[in-house]
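Below is the structure I would like to discuss, written out as structure tokens.
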Amino acid sequence: MLLHETESEYDSKSKKNNYSYYESSDFKPLIEKYNRIKYSVTEYIYLLTVKNVVLFPDVVIPITAVKQKSINLFKSAYYTYKKIGILTKKYFNTTFSIAKLNIQTFNIYSFNKFNKINKFNKINKFNKINKFNKINKFNKINKFNKTNNIYYIGTVAKILKLLIMPDGNTTVILQGISRFKIIKLIQVYPYFKAEIIYLKDEKPQKKDKEYLILIDSIKEIAIKIIQDNYKIPSESSFAISNIESKSFLINFVAYNLNIEIKNKQILLEYDFLKQRAIETFRFLNIEYEKIKLKNDIQYRVRYDIDQQQKEYFLNQQIKALQEELGDFSYEKEVEVLRIKSYKKNWSKEAQNQFDRELSKLKRTNPQMPEYTILRNYLDLMLDLPWKKYSQDNYDLYRAQKILDKDHFGIDKVKERIIEYLSVLKLKGDLRSPILCFYGPPGVGKTSLGRSIASALNRKYVRISLGGLNDEAEIRGHRKTYIGAMPGRVLQSIKKAGTSNPVFVLDEIDKMGLGSQGNPSSAMLEVLDPEQNKEFYDNFLEMGYDLSKVIFIATANSLYTINIALLDRMEIIDMNGYTVEEKIEISKKHLIPKQLKENGLKSKDIILGVKQIEKIIESYTRESGVRSLEKNISKIVRYAAKNIAMNKKYLKRINMSKIEEVLGPPNDPEKYELIQVPGVVTGLAWTIVGGEIIYIESTLLKGRGNLSITGNVGEVMKESATIAFKYIKAHNYEFGIDEKMFELYNIHIHAPEGGIHKDGPSAGITMLTSIISSFLKKKIRPYLAMTGEITLRGKVLPVGGIKEKILAAKRANIKEIILSKANKKDIDDIKKVYLKGLKFHFVSKMNEVIDLSIIK
């Protein structure tokens, strides 16, 4: 075969024909149909892998070869009229690189003169690759079949023209003929040769209207892209318009799409022309939208620049006219600001600062951004209530009445507030600690701040700190930033209009640490009485006196509050309400409030005590009253709807009507009488109040290992480990055979795995559960416990006792085991809340086991 001619044979033929640079006859026709293609039989052809291009049937492309091996392949195929299989590489670092593609796009019908082909020259020579020279016959062919570096579907092409350049490189003009797929590689040296099968393009029926419309749409949008993209020669639109072959139009447009190579390969691999046309049209639409967006952005940018220039020239003209007329409107504004400053009762330092900034404003062009910032700064200084205070009302009896009217229960909290106001009345300053109301949601922490403001006859302001993670929100931004503004503290003082409001810092436990600083640290200056007399705001750039402000903070959790910040506050616990308290709150506050908000009168709907209790027990699960208020609101809206529609309705709400309006009741939180060894009832605290929790344990054959499940935290895992180690160390005291630890594993589980559980208060509960499992003895019914344990077997006190007791009452618990150190917490609780409960105060685990396990 001529493909195996040597290089010398090529050179002899070159000399015989007397050529070194081909300028011979015209090209062969660019689109030439091959009727001799047989799709049912295989054929053997040589392969050429290229990168960054996918060749489609009928499309013409140029390729420049720099390797002698590639040049020989091109010459051999050209003189024997043999076809070449063009395959695309997936990765640029593949070892099968044979030729380098020239990116220049060729015209469909004609080629430029060859004196411009120098663009393809000057390609750096590649390092010689000896991998393929050392391949012995076909022993490495399987590597080609297994590689993922090339696509196995490509296009068979013929060489239309071969051009030898003066520098020795060779450029060929290829035209795609038909798609093919590799069946098997049969030769590696000197060129890749494979057995292939042709892939036929399945054309739709001639009367397929959808296909015809699709072709017209492709042509139309392709022309639009050419017209809107200044980088594409306008003559290309005429070429697109004159294409008659539908398949050639699809392939030509697909080849020229500005998309990734893998997407072009997907288009090539479609067997159905209609599907290829659909996907090509989709990519065309994406490209068209990108071009439109790009052009639109460029237009807007040019328009904005023109507008700015126009406004600048107009402003200069206006300024010149004003100078001629002697009328400067902004100078009048400056004078108005100066007159206002004379009326302010501020310090000499503040007056000097104002005068300096006012002088800057006078020298600044009103069209400059700095003018707006300076104006905002001066407005802030004038709007702040410098040394302006509201007159306090220290009538403590009046304050007590307001607190009792607005809040039912929480007597200890109200007593502490009265003490706070008493000190304020006698001493005249606020050097006492900042009050922080701590408790579950819905117990009235925020509303207490409003009541204090009302009692003292002071202004009330509130800022929510939840999610705040930027220090500038507290201290403000520096004036050098565009859009700078003061911090939320000074903004609230400005809004209050006095320098001594009651300032509620809501959700102080939910401040976060962000990349812009730590707002908790900035809050230290706000709350520290030694520092807030000269509170420095970055925007104000001078100190402002906050010492007369009554700051009140609220929090649901103390664990997330900065320790230094926590040290500056006095924590006042606001525990949850009992059922009786919730009923009274509903009658005195929630129901009248909802009737007023929904435009009803007290006679329009009647809710009895039993009905309110039903709502509390079956439709709420909280320490506060927020969810209770929502359910009462639903019932009030039921009445409002019927009144508005002139329908008859039941004014006195009964139990069945509650279920009709609120839906099926929730399962009440009641104690489950589970007489099974290893199951113990504990008491837990959550941010919404107290709950009962079951601890389960069981023995499994094993080697004495401990495991715990139920979405528990590290502290709870440590408590389980301490309990297990204590039992192993004191097994004879509890009557447990030592061999049991060698034969069995113990598994502890805390039900409701979707809820995270942590803390030390389940220590005695887990220890009791493990001993119950080893002894196979049941726990006394209606008994619950809470407490921390140590390795010495001591029972330590825990927190949240009131919430836990309320949860025990709701669950119908009769007896509770607590640490002796928690007895003081029981003494602080009203006797009415303890009715029906029996308490056992213990100091050691032996006492817990004696009280809990049935003998």
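Backbone N, Cα and C atoms are what each Cβ position is placed from, and that goes for glycine too.
Taken from Swiss-Prot, the feature domain 'Lon N-terminal' applies to 45-288, supported by sequence analysis. Feature annotation from Swiss-Prot assigns ATP binding site to G439, P440, P441, G442, V443, G444, K445, T446. Among the features that Swiss-Prot reports, domain 'Lon proteolytic' is placed at 674-855, with the record citing sequence analysis. The active site annotation in Swiss-Prot covers S761, K804 and is backed by sequence analysis.
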Determine the minimum-neighbour residue: among P441, G442, listed as binding-site residues, which Cβ has the fewest other Cβ atoms within 10 angstroms?
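P441, out of the binding-site residues P441, G442, has the fewest neighbouring Cβ atoms within 10 Å.
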Could you please provide the mean pLDDT value for the domain 'Lon proteolytic' (674-855)?
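PLDDT averaged over the stretch: 87.
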Could you state the CA-to-CA distance between G442 (ATP binding site) and K804 (active site) to the nearest Å?
17
Compute the centroid of the Cβ atoms of G439, P440, P441, G442, V443, G444, K445, T446, then list the same-chain residues not in that set whose Cβ lies within 8 Å of it, in sequence order, for the ATP site.
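For the ATP site the neighbour list reads F437, T554, N556, M574, S623, G624, R626.
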Express the distance between the Cα positions of T446 (ATP binding site) and S761 (active site) as a whole number of Å.
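If we compare the Cα positions of T446 (ATP binding site) and S761 (active site), the gap is 29 Å.
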According to DSSP, folded down to helix, strand and coil, what is P440 (ATP binding site)?
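DSSP assigns P440 (ATP binding site) to coil.
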Including all protein chains displayed, how many Cβ atoms other than that of G439 (ATP binding site) lie within 10 Å of its Cβ?
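The answer is 25.
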Within the chain of S761 (active site), which residues six or more apart in sequence place their C-beta under 8 angstroms from its C-beta?
G682, L683, A684, W685, T786, G787, E788, V798, G799, G800
Taking the Cβ of P440 (ATP binding site) as the centre, how many other Cβ atoms fall within a 10 Å radius?
24
Please report the distance from the Cα of K804 (active site) to the Cα of G444 (ATP binding site), rounded to the nearest angstrom.
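Checking the Cα atoms of K804 (active site) and G444 (ATP binding site) gives a distance of 19 Å.
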Within 10 angstroms of the C-beta of V443 (ATP binding site), what count of other C-beta atoms is obtained when all protein chains are considered?
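Excluding its own Cβ, the number within 10 Å is 28.
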Where does K445 (ATP binding site) sit in DSSP terms: helix, strand, or coil?
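K445 (ATP binding site) sits in a helix per DSSP.
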Please list, in sequence order, the residues in the chain of K445 (ATP binding site) that are at least six apart in sequence and whose C-beta is under 8 Å away from its C-beta.
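Counting only residues 6 or more apart in sequence, the Cβ neighbours of K445 (ATP binding site) under 8 Å are F437, Y438, G439, T554, M574.
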